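Sharing a structure, written as structure tokens. Questions coming.
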Amino acid sequence: MDRLFECVNCKLNLCQYLFFHRQEILKWNGWGYSDTRFLFNKKGQAEFTGKRYRLSGMIIPALQNWFEGTFGASVQHKSPAMPILTSSAVQPPTLNEAFVDELKSTGIPCSHDAEDRVFRGHGHCLHEVFALREGKVGRVPDIVVWPNCHNDVVKIVELACKHNVCLIPYGGGTSVSSALECPPEETRCIVSLDTSQMNRILWIDEKNLTAHVEAGIVGQELERLLNESGYCTGHEPDSMEFSSLGGWVATRASGMKKNIYGNIEDLVVHVKMVTPQGVIEKGCQCPRMSTGPDIHHFIMGSEGTLGVVTEVTMKIRPMPEYQKYGSVVFPNFEQGVACLREVAKQRCAPASIRLMDNEQFKFGHALKPQVSSIFTSFLDGLKKFYITKFKGFDPDRLCVATLLFEGDREKVLQHEKQVYDIAAKFGGLAAGEDNGQRGYMLTFVIAYLRDLGMDYYVIGESFETSVPWDRVLDICRNVKARIIQECKDKGVQFSPLSTCRVTQTYDAGACVYFYFAFNYRGLSDPVHVYEQVEHAAREEILANGGSLSHHHGVGKLRKEWMRETISDVGMGMLKSVKNYVDPKNIFGNRNLI
Amino acid sequence: CGSLSKDPMLKKRDDFEDILEERRNSSDLKYALRCYTPVLYKGVTPCTSSMLKSMVLQSDQLHYVINQVSKETGKATDDIKEEASAILEEMAQCLQLSTVRFFAFTLSKAFKTLFRSICVNEDGIQRLQQAIQEHPVVLLPSHRSYMDFLLMSYILYTYDVALPVIAAGMDFMGMKFVGEMLRMSGAFFIRRSFGGDKLYWALFSEYVKTMLKNGFAPVEFFLEGTRSRTSKSLTPKLGLLNIVMDPFLKGEVFDVNVVPVSISYERVLEETLYARELLGIPKPKESTSGLFKARKILSEDYGSIHVYFGQPVSVRSLAQGKVNRCQFNLVPRHIPRRPSEDIASFVNDSAYRLVRAQEENMVLKPWVLVASLLLQYHHQNQAAGQKRGIALGELTAQAVWLRDLSRQYGAFLHWPDHIPPSEVVSSSLTLHRGLYVYTLKQHKELLSQAVILLSCASYRNQALHVFVRPALLALAIHTASSNQKQEVFNSFSFLRNMFSNEFILCPGATVQDFEEACYLLVKTGALQFTQQEVLVTERGHRTLAFLSTMLDPFLQGYQVKETLCNGCVMFCVQKGGCVHNSIQRSREHLRIGLKYMEVLSSDLQKNSLAALLRLGAVRKMKG
């Protein structure tokens, strides 16, 4: 299978590395692997270091121009991060001695080393990473524990209840909702429960096509292990290199290929969760039940407020025989959205179909690696000429849909034709596999790019929503415009990057993903400005009929809008569940409600 | 209403340019044929008038309403569609540059003979240009004359700004040929009333919204609904404002820019016509032949026109914190719904704010002050039974006093400071010769006396928005039972409430208005405040007397109305009949010594009746 992010260390169990010292191979103050980053070399050309990705080791000639042009930034103006964490910046742990003593007697590994604690005290929100780059550390967990299996978790939760300490489950650490932030008002000892050691596939049931997996397993590891047996889950969120199965369940995750495989709620057959009241699980592994409200729906999206997910039975599928990328160029975004709507109406969406707006198309284009031959660059020029001159597409309005087909070779080709035929009705022109593939690459390297931006006074973030079809165009236009206006009002001196893509389609609507970044030179408190703009953008989303979140979750970042999102009674229901399951607020990360 | 800066003296206003000057020095034909390339809305989708029509007919909104009407009436949807298409045909504009060029030529000729100058604030035009590029734009000119919308298009053509489409009353359609000419210069026609006609409403609102959303052209209409016959701003009509704000509220556009435009005429063409209309002589029906008959006005001097393009107002910022836009999330947006309470009051508040923004930039000529003084002088004379004129010197002195006062109150006064005041006063008297002569010879018959007095009053009315708040306070101090602050406020609040049909007083802004009035009177040294009391200073008496006298005619009008209502056969009259009835009653009153002829004004009577109805002093009954 042609993986975009093929891990060079695949032969080794990634989780062995993650054990105890994740920070040895992952950055402590940025995204992803330590050996992998973008940089502008001495010639000013952008380079992607390391060997892990297809783009790794390549020169990206157009990036500097795009970067400087889009943000008004300059590769001369650096804003470097603090290279190492000074332990003195970290407050000494508040330890509950009785708890620690009993924990040690169980033999479950734990640590109150500063680096271990800091690493598990944050997700990847802009303000979290920005603070780390400046070497600032707020409240972090006081102790980290690494349970090895379900029973270890049961013991830890029992001890936590007995000694009244606060537990915060930690999976992949890729949260973008402030969910991993320790509540500053929490006075009890905070224990970070790192699930990374629970990373085994316990069994595979080929008759029912299910696999029973420990919840700490990371996405790419799960796929790799299943692939060895000829299967896959097909669940590929953009964060799948680092995010964990338990995290997906706890946040109601969504995967890129949900059109074939479904979102997490469609994939989960059985869940086991340890709560202060005991273990919650269903008594059978049935495909569907009419037994009152589905208890899985108390678990999925509970964001670590009720307990720790320890084991999950998931649907699996045979690995697809054939995979093909594709892309379609549309004269404008409106036509593109109309096409996606039609595809959704006919229920013939490929594994993935995404529509990038003009700005994002240009962004993707700037990531084109250096072409090896004159012939390829000649071909590129010819294509560009055909689309802009011959077909009359305005280069400042056109947009691109990226496609990923998967399945039997024959069916894929048939399917491809069907989709391209629909696209043609909306003025779409097939634009090759390369453009499509690059589009998907953007989503995997975007977080690395953010780190690059932060080296040069540019900060940014992505956020998402879901919205009914009739409002897709309106929400895209208004939210992008709101971002630009708010930046202006808040004194940002350069025009921001404000771009979106329709990233998932459903029967009744779509998921829209926004990128937003700006050059903060001249601002005294860039993070505060950034937060105000993001807040305004979310208000705009809600005012335009969008949801609070499609798959990132609520965490603490979006809590303030929960009441209007699910009504007073809805809040009451969630609270009463919390009160029953966890009356002492052992799972005290204060997310969601 | 809180948009005004605290100190009206500090209001910054742009300078004017006379656009006729160039017309007098270069060829009109060349001007009419010159290259016209306006800047358009950035999101504009190029389309023709006929494409617009089909977009409207194919919209979800219309489909829904057609099906609904079909279900209700049993008519086939195809028939209703045809009906809809016919209505749209009758309504739609078909803006053509050639017609605009024709008007550019003929109006140049006409304007040059009628007016000394047409002054426009070019900075305002530049702001408008900018606004048009960014968001859909709505133009809201004040409405004092038929001239208004031709003048607007003329100015925009002159400055190479996108020509607007204009909502016009159906009355113009009666004028053969001219109606079609107006249509080709961008007017679209709406029926004056279409009550419960769902289909008409859907077509009309969808038509306006489609033009607005696509950035086809700026949409222009008159907030006041009709020409003000009294030169006082009229209570805003909300229908069209509701329609143009809707696309923003529903998220169909990011924002809408609303640009209030203040058109001030030194002499309105319809001057005497209005006074006669106010006295109950019906307005002549719009007709082409009538237009030709009216050409005799071409021989007169109508002074200058000032057109001030105000600061564009963003509907988004107006709505900030006042409207919860999430209310449209649960029902498809194309299903027509009555506006919710918060939206209704938001639109109403905005409408008042916008009318006040128009008022604020109305240019006042010295004559407006002179007319106010002459009127007061006349009434005092009449009360004293005297019949003599006022010496020019005394008038000048008073005018200078009033000039300074009005400037302190933030009036946009065009008083040429480089000319001696006596000359300013006498030249404004010359321009309005027809009106002031009356004060010298008083033996005319009642009706023509009234016409002249009402015309004078309409000039005084131009200044009312400057004085109304302090004047209400002056009157409140006069009528309050004591000097206690609270008493004065109560009496202010009562008067303000009573007059809320008469003047533009923003709903719910009583405290603000009271504070503004206090501020002005204290600042100018007319009032002093102690802990508990309000005290009139030595020099304040003159100011307060002038101010409360200004409102006297209105006060009397409302008193007359009240006595009439109390004492007469009002048990079963319809509104229309009542007004008519009371006009005759008033006439009788006049014979028994009524002080102000303005009481005869049908506008005043209509407003006072509405106020009495609102306050529950009178009840409306059928039959």
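Cβ atoms here come from the backbone N, Cα and C positions, even for glycine.
Because the structure is a prediction, the values reported are computed rather than measured.
When I checked TrEMBL for this same protein, it listed these features:
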- A:137-319: domain 'FAD-binding PCMH-type' (DOMAIN)
- A:169-175, A:251-254, A:303-309: FAD binding site (BINDING)
- A:R354: site 'Important for enzyme activity' (SITE)
- A:R450: substrate binding site (BINDING)
- A:Y513: active site, proton donor/acceptor (ACT_SITE)
Taking Cα atoms as reference points, which of the recorded positions A:R354, A:R450, A:Y513 is nearest to A:G304 (FAD binding site)?
A:Y513
If I take the alpha carbons of A:S175 (FAD binding site) and A:R354 (site 'Important for enzyme activity'), what is the distance between them in whole Å?
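A:S175 (FAD binding site) and A:R354 (site 'Important for enzyme activity') have their Cα atoms 23 Å apart.
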Report, in whole Å, the straight Cα-to-Cα distance of the residue listed as 'substrate binding site' from A:G172 (FAD binding site).
19
Check each residue in the chain of A:G307 (FAD binding site) that is at least six apart in sequence and keep those whose C-beta is under 8 Å from its C-beta; list them in sequence order.
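Non-local contacts for A:G307 (FAD binding site): A:V157, A:M273, A:V274, A:T275, A:P276, A:I280, A:I299, A:V581, A:D582, A:F587.
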Can you give me the Cα-Cα distance between A:A253 (FAD binding site) and A:Y513 (active site, proton donor/acceptor) in Å, rounded to a whole number?
14
Where the distance is taken from Cα to Cα, which of the recorded positions A:P169, A:R450, A:Y513 turns out closest to A:R354 (site 'Important for enzyme activity')?
A:Y513
Just the number: how many Å between the Cα atoms of the residue listed as 'substrate binding site' and the residue listed as 'active site, proton donor/acceptor'?
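A Cα-Cα distance of 16 Å.
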Express the distance between the Cα positions of A:P169 (FAD binding site) and A:Y513 (active site, proton donor/acceptor) as a whole number of Å.
27
So if I draw a 10 Å sphere around the Cβ of A:G172 (FAD binding site), how many other Cβ atoms end up inside it?
24
For the residue listed as 'active site, proton donor/acceptor', write down the residues of its own chain that are at least 6 apart in sequence and whose Cβ falls under 8 Å from its Cβ; none is a fine answer.
A:S462, A:F463, A:E464, A:C500, A:R501, A:V502, A:T503
Please identify, from the recorded positions A:R354, A:R450, the residue with the sparsest Cβ neighbourhood, meaning fewest other Cβ atoms within 10 angstroms.
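Among the recorded positions A:R354, A:R450, the lowest count of other Cβ atoms within 10 Å belongs to A:R450.
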Helix, strand or coil: which one is A:P169 (FAD binding site) in, per DSSP?
strand
Across all chains shown, how many C-beta atoms besides its own are within 10 angstroms of the C-beta of A:P169 (FAD binding site)?
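Neighbour count, Cβ to Cβ under the 10 Å cut-off: 29.
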